[in-house]
Amino acid sequence: MDIPSLSPYAFKFGPIAVHWYGIFMAISIAVGGYYLYKQATKLNYDEDFLLNLLMIVVIFGVIGARLMFVLANYPEWFVKDPVQVFKIYEGGLSWHGAVLGGFLAGLYYCRKKGVRINPLEDFAVVGLALGNMLVRVGNIFNHEVLGRPTEFFFGRWPAQLVGVAIGAFLLIRYFYVQKKHMPDGYQFWSFIFYYQLLRGVFEETVKDVPLVWPVYLNEEWGIGLFTMTQVATPFILILAYWMIKRVLNDPNRQYYD
């Protein structure tokens with residue numbers, strides 16, 4: 001299966017090029033931020049607080065995403081070619097870095113203002129799931145996050161489409177669970193759990209990335225174990241599961257409609 005010859009540029013204005021990757025990321029941020037804002041105002045969160053929170057989370061989310069990607073893949077850029085670190089428009093963001101950076105910044109700001117974060121992190125799931133789905137589409141245009149070659153009839157695993165499917169499934173799951181009246185905090189941590197499980201099992205197994213712990217590699221089938229993400233998966237699953245149990249067993253747990 002040949003990789004389609006798609007341009008990474010949506011359009012150009014002279015020397016300025018607008019990338020599909022950036023457009024899809026901006027759409028996910030805008031839609032996710034708008035959803036969080038509308039839902040949180042229904043719970044009487046202050047509008048100015050929410051706007052400031054969204055700005056802080058987006059900024060530190062992008063910073064965290066880029067820094068973790070560079071640290072994991074091209075740490076030499078910091079010394080040999082630091083300009084490359086800032087070329088976000090060319091792609092190269094870590095989903096885990098985005099979540100970590102945005103979460104820590106949001107947690108700090110909420111605690112500083114004395115505001116409960118659990119409902120807000122639940123509402124953020126829409127932006128996270130949509131972002132994973134759309135950014136993987138952007139990866140297709142950038143010709144990155146490729147699957148491994150395989151001797152199956154399709155020639156190469158469509159790793160980006162696997163990521164799109166994971167994001168779509170988790171987005172649908174969010175709205176389904178939202179009808180179940182679960183305690184606040186459950187949506188976010190269950191999302192983290194299932195995202196990591198699905199990505200570690202399905203996407204990473206066929207993605208053409210180095211195996212940091214090469215336990216198994218079948219070049220004919222195009223599958224391999226274990227990538228860096230897969231090595232980290234058990235620890236993330238344990239953390240997410242522990243947080244889920246904590247939310248469900250909290251005697252002071254709260255609910256929202």
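Using the three backbone atoms N, Cα and C, a Cβ is placed for every residue, glycine included.
Features reported for this protein in Swiss-Prot:
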type	residues	note
TRANSMEM	13-33	transmembrane segment
TRANSMEM	49-69	transmembrane segment
TRANSMEM	88-108	transmembrane segment
TRANSMEM	123-143	transmembrane segment
TRANSMEM	152-172	transmembrane segment
TRANSMEM	186-202	transmembrane segment
TRANSMEM	223-243	transmembrane segment
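For the transmembrane segment (13-33), the neighbouring stretch richest in Cβ pairs under 8 Å, chosen from 88-108, 123-143, 152-172, 223-243, is 123-143. Here the transmembrane segment (123-143) has long-range neighbours at 3-4, 6-8, 19-25, 27-29, 31-33, 35-36, 39-40, 57, 90-91, 93, 95, 98-99, 102, 106, 160-161, 163-164, 166-168, 170-171, 174, 187-188, 191, 195, meaning same-chain residues at least 6 beyond its ends whose C-beta is under 8 angstroms from one of its own. Counting residues 6+ beyond its ends, the transmembrane segment (88-108) has Cβ neighbours under 8 Å at 8, 17, 19, 21-22, 25, 53, 56-70, 72-73, 117, 120-121, 124, 128, 131-132, 135, 138-139, 142, 144, 192, 229, 232 in the same chain.
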